[in-house]
């Protein structure tokens with residue numbers, strides 16, 4: 001390759017990278033919708049192949065049918081949550097005097113048991129500030145979710161209509177040998193599918209286990225709190241404790257000490273550990289992913305991609321280790337015999 005050809009080549013690569021970085025930076029707000037569309041595409045890819053290649057449906061018709069299914073899958077749970085919330089709000093007794101009496105009783109119990117004055121001026125000012133920021137955050141998240149859903153459906157339509165050509169194009173761009181291309185593509189599909197199926201299943205199981213406890217200990221709106229527990233499973237480290245710990249405190253304030261101790265013991269022993277049991281079963285059936293990859297991947301993904309980071313965070317870490325293995329096989333192990341059994345220094349270190 002001549003000097004001029006090298007110049008053209010590297011200049012073109014620089015332009016591609018520069019324009020790509022500019023485009024991604026300016027359109028980063030829509031990345032969540034794109035990731036969501038890709039996740040759903042991986043789940044419905046087999047159905048699209050059946051409809052278009054086996055049953056010979058027109059691609060547009062097959063895409064519309066799949067989009068209707070996706071809309072039902074997404075809007076169904078959201079409608080259920082909204083209905084339960086509205087039902088709960090409608091049955092709230094708006095007796096201001098009774099509400100004030102209940103708050104005063106709670107304040108007196110806290111002051112008597114712990115010697116702490118709950119309703120000081122500083123506490124009320126701080127609570128008002130937290131509530132204002134909380135309302136703004138919720139409104140922002142709801143509007144962001146609505147935009148993300150619209151972008152998701154938009155991207156998903158065009159991916160499904162021409163998914164075979166898109167797959168071939170991306171596959172040919174991968175800078176690997178043929179066998180490594182297959183490994184990378186299969187790893188991406190495997191991780192996305194396992195997380196997209198496994199995480200909701202795990203959330204549902206924990207929600208059902210939590211609902212049994214909430215119902216047994218006679219907590220108000222047990223079903224609503226169980227649904228909130230389902231969503232709390234995606235929060236790293238804290239997890240479901242963000243729901244059941246305040247409920248334990250609520251029982252303590254009401255003086256139901258036995259119920260509070262029972263709920264705390266149940267959630268600490270059963271609810272938290274059921275996560276490990278179900279995750280172990282799912283890993284063996286869907287994808288053998290190390291728990292550390294899942295935990296740190298979710299932390300990384302949520303900060304980068306928002307909600308869809310629970311799927312693509314672990315994928316990023318898994319892809320990193322896969323690329324390291326490919327580099328090792330291609331360059332570090334080059335020239336070594338596959339049957340080589342001579343111990344290395346690392347083997348001696350591990351034996352000491």
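Please read every residue number as a count from 1 along the shown chain.
Cβ coordinates are placed from backbone N, Cα and C, and glycine is handled just like the others.
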Which range of 174-195, 196-217 is transmembrane segment, per TrEMBL: 196-217
Remote residues contacting the transmembrane segment (260-282) - C-beta distance under 8 A, at least 6 residues beyond either end: 194, 197-198, 201-202, 205-206, 209-210, 213, 217, 219, 233, 239-241, 244, 247-249, 251-252, 291, 294
Sequence-remote partners of the transmembrane segment (60-84) [C-beta within less than 8 Å, at least six residues beyond its ends]: 40, 44, 47-48, 51-52, 149, 153, 156-157, 160-161, 221, 223-224, 227
Long-range environment of the transmembrane segment (196-217) - Cβ separation under 8 angstroms, sequence gap at least 6: 39-40, 42-43, 223, 225-227, 229-231, 233-234, 240, 243-244, 247, 251, 259, 262-263, 266-267, 270-271, 274-275, 278-279, 282-283, 286-287, 310-311
